[in-house]
């Protein structure tokens, strides 16, 4: 019985292996920011294809295609992860602009009448080291080195007095920046030396004084143009302001009096005087008559 049980187990195991036809794990790598493609087992008369993605961080992603219904499905997958072409004739998976979060295990399962066939991948994202040497806006040499995980070491020839600055990023890279700050180069071009497990590179640069002279010349010209423009605006405002100030004022209006107005003003006074005289004469005559003896009349 024990031997029969073992035989059954072996038979079942062989059947499962035959049906699943799983291959070994294929280790692949992709450069950060580049595209990568993974293919499925080549089989005929496929009825269904499924990609199962298990990243180190995040949720599982699934892409599926059914031949009989000519339909595709996508679950929890980024827009960057998709079929390379039409899945009915090309079942390859393409990842655009690979990031560190895409690291993990990728499995393609192909189903046909002969069984299920698998191909497994383990994706590793590589950050290619990068070195850059340039002159800043002040004509000083600047050296940059971008590497993965550990920071690179930067040194200068001649020796520089500056301290490098290291910045860590979310994608797992570290950027080191160093400014050349030596007092004298003895006529030699500054040389930047980058040391790292994945990068050993040396570059030289000449940030000559002509570069700084060019910047200074441009600054002087711009300043001169700004001053000229400012003076022109002031002159324009002053010119138009004086025009408004010197506009001819309306002449002072001198009141004029006509002889008719004088006559109108004098006539009331004359009438008044005449009335006074008449009243005075009447009173005088009455008084004189009262003082005369009876029978006499005042002389005229």
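Glycine too: its Cβ is placed from the backbone N, Cα and C atoms.
Annotated features in Swiss-Prot:
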- 40-108: disulfide bond (DISULFID)
- 143-192: disulfide bond (DISULFID)
- 25-124: domain 'Ig-like V-type' (DOMAIN)
- 122-206: domain 'Ig-like C2-type' (DOMAIN)
- 45: N-linked glycosylation site (CARBOHYD)
- 76: N-linked glycosylation site (CARBOHYD)
- 105: N-linked glycosylation site (CARBOHYD)
- 171: N-linked glycosylation site (CARBOHYD)
- 200: N-linked glycosylation site (CARBOHYD)
- 206: N-linked glycosylation site (CARBOHYD)
- 1-24: signal peptide (SIGNAL)
- 25-213: topological domain 'Extracellular' (TOPO_DOM)
- 235-300: topological domain 'Cytoplasmic' (TOPO_DOM)
- 214-234: transmembrane segment (TRANSMEM)
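Distribution of Swiss-Prot features across the structure.
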{"residue": "40", "record": "disulfide bond", "Cβ contacts under 8 Å, 6 or more apart": "49, 51, 91, 92, 93, 108, 110, 119"}
{"residue": "45", "record": "N-linked glycosylation site", "Cβ contacts under 8 Å, 6 or more apart": "112, 113"}
{"residue": "76", "record": "N-linked glycosylation site", "Cβ contacts under 8 Å, 6 or more apart": "59, 60, 61, 62"}
{"residue": "105", "record": "N-linked glycosylation site", "Cβ contacts under 8 Å, 6 or more apart": "25, 53, 54, 120, 121, 122, 123"}
{"residue": "143", "record": "disulfide bond", "Cβ contacts under 8 Å, 6 or more apart": "131, 132, 133, 154, 156, 177, 178, 180, 192, 194, 203"}
{"residue": "171", "record": "N-linked glycosylation site", "Cβ contacts under 8 Å, 6 or more apart": "32, 99, 100, 127"}
{"residue": "200", "record": "N-linked glycosylation site", "Cβ contacts under 8 Å, 6 or more apart": "194"}
{"residue": "206", "record": "N-linked glycosylation site", "Cβ contacts under 8 Å, 6 or more apart": "189"}
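Mapped onto DSSP helix, strand and coil, the domain 'Ig-like C2-type' (122-206) counts 0 helix, 45 strand, 40 coil.
All protein chains shown were included, and the count of other CB atoms within 10 Å of the CB of residue 192 (disulfide bond) stands at 24.
Across all of the domain 'Ig-like V-type' (25-124), the predicted model scores a mean pLDDT of 93.
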